[in-house]
Amino acid sequence: MKNFKYLPDKAIVFSLVAISLLVVLLPIFIGGIWSGHDWKPHALRLASLNSQITHGQFPFTFDFWTNGQFGYAWSLFYPPLTSFMMLISYPLYFVTGSDIFQIKAIFACGIILAFFNSYYAGKQFLKLDKPAFISAIFFILSPYLISDIYIRFSLGEVYAMAFLPLFLVASYKMISNRGGNVLFILSSSLIFLSNIPSVIVAVILFFVLLLTIKKKNYLHISKHLLINSFLIILLCFFYIYPLFYNFLHSDIYAFTEMGKSFDDMYLFNPEIYESLLQIPTSTGKSGRGLLLSIGIIPLIISTICFFSTKNPKIKILSASSLILILLSTKAFPWYLFSDHIPIFPAIQFPWRLLAAAAICASITSSYYLSSRNNFTVALVILIFISMSMQGMYNAVKYRHSEMMKDVLYFDYLNMNAAKNKVKLQKLNLEKSHSIELLSYSNGYPSYTIDATNDSSIILPIIYYYGYYVDIDGKRSTVEKSSLGLVSFDLKAGKHTVSLKYNDNYIYLGGVVSFLTLLILSIYFLSNRFKFKNLNIRDVINVKAKG
């Protein structure tokens, strides 16, 4: 044991890093796939995008190929960052033919991103490699992140959580008047493009930091926050504008029916003892078996640091983590807020704030342990690892040989389709003798339809605003049927009918985002180039003239 104390720091730290990564990635290396609360939506998203790529549909919009999806619009509405990861991992699917291998690779990338981003955050706050690596270990093995991956299967939220460390650094710098604007824009955009409820997590984290940081210039913060928010909107316009466009023109279920009240938010939260003691949930509306906790060890260390440390950064982070934990449990009375307060209910479940609490507590814990000897550090981390493995048990034990794609989700249905979802799932219009699938052109179906008389034809495709049909080469409008499917009038006879979609608005959003990215890149690169070529004589001359 004495010899262990004097082993080189690097050897100890890298050994702990290797063990931590091996443990957190273990269920990914095992054959088959684990299930979770959201695994079917992500299985459907992946199947949808793979089919769209295979059939040359661009921009990616509707799934005409997965059984029982009826042209469902996963790619049009779901935050696109993980769709991008599915896109760049498509070669894995093409080579292996396995969507299981593909989605496991995407999860692994999210975990690696979380590790390096939390290492970066630790390095920014603590300045040394050893505590930075320790903070990364605490973050990737936090029970909440483990629960997100292996119990909830929440792919989008895993990626959003991976970028929260960058947002923490950027927010701290911006509030403290130390720069951070570029990182703030980048991290905020990545979080928004990963998971919309996590944007509210980031907003609340920002205001908690604003509350706990003493020295601040509100005018400076307001100015930069306004400018940065505007640039974030422009960068994400390729996703925001299609959402806004469909919000104006469509009656999509998710836009009106999926919001939560403040009463709901309170009821979804765990009991405080479940969070503090790292006990799987057994109460509340969120269901049983979730680990809604940052872990007992980081919680204890954060509490100790809050009362004992004189380091102002650690005091801020420990206070922030404790506030966020309080907000994520039934100890905080969310039900007292009026439902007329906008935006905040978009978080749906306040326990999502544990993602922000986890990174704050991870850095605090690494600061506390970095001054201890190697044996103490290793012992504490190994105990933490063993406690975190609790959330992986079912993921390791219960495996599946294929992804389940047997559900039609309410989220992105129009209201007629949502009301008739059960009927839709039993429907198969393509077996009708009058409608025969002919081919796909640019990823959209064409049919041969033999109408015995002038009639209204219903295609087995969910209606979305922007659809139209070409009937024997002539454009015709479509309507929404009582079942929420595409409907149009057709004269008697045999016709070729091609379904089309007006996607100009999608390209418009993409052009705005591309131009914004291009202009910002040129601006920041030119400024950096000027700064690097500015020599000391120039600085002295400027000061002398002043």
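Note that Cβ sites are derived from N, Cα and C of the backbone, with glycine treated the same way.
TrEMBL does not curate its annotations; it predicts them automatically.
The transmembrane segment annotation in TrEMBL covers 12-34, 72-94, 101-120, 132-151, 158-176, 182-213, 225-244, 290-309, 316-337, 349-369, 376-396, 505-525.
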Cβ-based contact of the transmembrane segment (12-34) with the transmembrane segment (225-244), 3 or more pairs under 8 Å: no
Interface present between the transmembrane segment (290-309) and the transmembrane segment (376-396) (three or more C-beta pairs under 8 A): yes
Same-chain residues at least 6 beyond the ends of the transmembrane segment (290-309) whose Cβ lies under 8 Å from its Cβ atoms: 138, 141-144, 146-147, 151-152, 269-270, 274-281, 315, 317-319, 321-322, 325, 328-329, 351, 354, 357-358, 360-362, 364-365, 367-369, 380, 383-384, 387-388, 390-391
Among 72-94, 132-151, 182-213, 316-337, which stretch has the highest count of C-beta pairs below 8 Å with the transmembrane segment (101-120)? 132-151
At least three Cβ pairs under 8 Å linking the transmembrane segment (349-369) and the transmembrane segment (158-176), pairs spaced 6 or more in sequence? yes
Find the member of 158-176, 316-337, 505-525 that has more C-beta pairs under 8 Å to the transmembrane segment (72-94) than any other listed stretch. 158-176
Intrachain residues whose Cβ lies under 8 Å of the transmembrane segment (225-244), provided they are six or more past its termini: 76-77, 79-80, 174, 181, 184-185, 188-189, 192-193, 505-506, 508-510, 512-514, 516-517, 520
